[in-house]
Amino acid sequence: MSKFIVFISLLFLIVISIPSNLAVTLNNNDYQCLDSIVYLYKINTFSTNSTGQYIFCNGIPLIDCDGNGNLNGTVTLISSSQTSIDLDPSYFTCLGNFITLDLTGFNVPTNFFQQKLSCSSIIYRESIFVDKLILLLTMPKYQSIEINSESFGGSTLKLSSLIGLGSFKLSGSTINLQNDLVVDLNSLTILELEICNFVNFSFFKALQKVNLTITPCFTDQFSLLPTISSKQIIITAYKVVLPISVVNFTTLNCTYMTIDGQVEQPTSMINLLPITKEYTLTVIGAPLLNFNGLYPFIVGPSVEVKLYNCSIASVQPFSQFGSQNLYIYNSIGSSQLGEFSGSIKYIDFSNNSITSTIDSSWCGTQISIANNFMNGIIPSCFSCYLNSPKSPINPIFPTMYDRFIGNNFKNFDKNLECTTFAPRVDALSDTRGIIVYGTDIGYEPSFWDIGANVVGYTVLVVGKKYLVHTATPLANKDRIVIHFSQPTDQILTFPTRDNYTSPITSAAQFLNLTILSITGEFFSSYRGYSFQTFKVNGIQCEISSTNFTNVLCSFPNTNGFAIDLNVLETTVGNLTTKYIIKTQPSFDNNKQCPNNCNDTIGICNLSIGICEVPHFVCLNNCTNINQGTCSGDNGICSCVVGKWFGDDCSLPYHYISSADSTTINGGETSLYGFFGTTHTNLSVKIGDQQCSPITFNSSSSIKCIAPKGSGIKNIEVAQNGYSYVGVNIYKYINPIIECPNKCSNNGICNSTTGICKCNIGYGLYDCSAVINTNGVGIGNNNNNINNNAGINTTIDTGSSSTNIIDNQTKFQIYFKSLKEIDYNNKVVNEYPLLKNWSFNNTNTKESNLYEFKQLINGTNGCIVKSVIEEIKNENGKQFTFAGTTFNVDAGSIKFTISISNYTYQSTLNSLQLDLISAVDQINENEDCNTKDTEIDTTDIDNQSTFSYIKISKNNKILAGRFINKVVSDSRPTFFSTTFKTVSNSVILTLNLPHCINECIIDPDFSILVDSDFKTKCGDSSSKKWLLPVVIVVPVVFVSMVIVVLAVLYKKSTSIKVILHISKLKRFSKK
């Protein structure tokens, strides 16, 4: 380095440290001494005044003088190129006492070097030493010697020469160390060298800082490195690669370890867990120091890590770091930040290539991510404090603004309003202090003034919870006042944890017709701190601002208020107080009552200061007597539970009883039910899509344009702050409906209805059954039908169930129970339907009618009615149900079951009907027709027009068909079916809508004898035939039970009704 460059550098350092007393003149003795030195060595760096005298004091180069003109700091002398004279110590002995002699560019002979001058420290910069052997000699007893010179390259430094020194620094020359110490070196605290070898440093007992530069001449091992006992150790690699052992070694006293230079790449993770004391590891410029591209360290909770100019591929994972600070500068490649987990207090990821956004999980630490490639939104826990100053507790941390600078954040703005600041306070009764916690409360408790003698802070949860230690306890106070200077300057008052008090109103005034101002105590400290409401005559006042002592709120209107007698009800948390006020604008209700009426049965009339017991009139008299009743004690309406709500019971708990379907292309649909006359913020959703626009709405129907869709969906109707969801009540209709089993290739499919039209000789809903029409068929009474099957059909008038029995098999079809279920499909009420029926029989020319009826206990008058109709007309009979037309053949039986006057516990509830189809083996003697039970539910398809089931046993088939519609309150609508098989039965659950007046469903059943049925075992010549009997069961109910009758059509179509026969054995106990 040239003397010119050194000179310029020194000038810069001197200029920034020049004191203000430039006019001081150096005392005569020191002036004469310096003048002779300047003259002898031709020093030309000092300026002169108007009289030609040198300006030494506090000029350039720096010579420190006190106010009396005496030397008291540094004397800086810079050689010129005009002389090469060696320094002579005799010219310097005349100088008075000062601290540091700073020499640059001189020739230094041995006698000068060994001469102890009047200063305590000496610095040689860019100096030429005549004798390299001076490092072997005992050095003068300066407090500090600092040498920057290339004169000692390859020389040897005897450690004994350092005896008596406090600090020794040698740079510019690489030296060899010779340990010739025989006693401990107790004075040296700082040692900085460029070395070729290590020695045993255990003789150095007082070291505080060791800075060793390892150069290419170094051929030694690092095994002696642990002998260094120093608080701070710096190892610098100059054109060499350091071994991993340099990174993970520890010594007893070292708390700061810095490695500057390349380190070999580790083959495994570097375990620093044994370090349990506070320890800082700094690594600079070591791109190989990573493990598979990731952080190579495992550290304990007390170790702080700093990486500069290294090479790490990814931010994550960093869970191996402890709770101390983590600094990673200019080291991480293109990588997403990810989420924060762990307990690190401060993380600095500045000057890297990190991308993505900042997840809110990073609020759990303090992060600096300046100069990266981040974008998106800065979480409010940080953005609220972008305008904050530096931390007085941690001044080394940059300001919050500087932590996020150099990225592309959308909300990087100091002037953004913070709306999420929400502190809370607990006063500790068992210690001196308070806990401050909450949302976005910041990271600097020093920004809080709690009006008490604060003696310290403890971080409980970073950024979320702090313990503030005070000299005196605060729990005995009923409130705590805190001045928050950040994120906005404000003073908040909080009630103490153990002294929550009912809100007290001392004054109330209507500022105009709708705006009310309330003054008192123990209101919510800010909006959201406590749940609080303010009502006048039951009408809620919308709060616009609040603090501990003042509230401002407004009413939509005050038309229902009286002039004198109005009740102001104040609720904070679960505590409520009431006052009587006048609502006349500008009237100040501020007359206090004795003891706030706490010792009387009345409440305080703030307009006159007297305790009164008022009689109150409810808002709009609760609208209608059928909607709610008024309490004169408080003026509050009690609405009919489950039907009405609101301050005046004017808002309905609306519901849907039926809905028109659309095709998969959407279109206008109609919803029917009860929706009231008030439709504030009305919206309809089908599935997760809006049904809009809404083209019509009334108290009983809503029309809207359904979006395109498919399948079965929920319908949600929201209005007046209440939302009703009809579960699986909307069905998108596919214009093309597949028939079951594609009609088994034995019939033609009607793709509009999904119904098979079987070819001649085939039957059943999927045309899979072969019908022998040779003299035998539906409705045929030919005498060639063999009666050996011995089939009997009976109706139990006590249970309304039907049994079809032969010598081997008994089929049963009945409804087990009716259930009311809530929105979560949980059973609210369940009513069994196996007994307590009354019976009536009516016969006509065309049919036989069997009528059953019962009153369901516990349902407030719900009546279940079941009518069974036997079709006698040989041509059958046509029926239309829910818009679907179908034929019922002769010999069939049709059921109509209704349930009326059912009362729901909630409008959100609906009904489920459990239908059971079962078969039993009643004769264990096997014959050629004996077969196991088979249950087929593959054709239960809610997407089709019909669902089907089939139960087979002993060459007989029970088939059931269900139209996937229900007539709900006289309107057809969709309903779904679910099932569960249990042993030899299937339980079908019909999911019905919220019917109020009546629901009707329409299943039908048939029993068939399989074509493999043998009338006589062993008779191979017996005819193959199939004898079908159809039982059609349209079921009518709003809150009802369905009992299905199955009848085997025999030679005679008569039905034997046996009154009060033995009860059902199967399922009646369930």
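Glycine too: its Cβ is placed from the backbone N, Cα and C atoms.
In TrEMBL, CYS767 is paired through a disulphide bond with CYS758, chosen from CYS749, CYS758. Sorting each residue of the domain 'EGF-like' (735-768) by its DSSP state yields 6 helix, 10 strand, 18 coil.
Its own atom aside, the Cβ of CYS767 (disulfide bond) has 25 Cβ atoms within 10 angstroms in the protein chains shown.
Taken as a whole, the domain 'EGF-like' (735-768) shows an average pLDDT of 87 in this prediction. The most crowded of the disulfide-bonded residues listed here (CYS739, CYS749, CYS758) is CYS739, judged by how many other CB atoms sit within 10 Å of its own CB.
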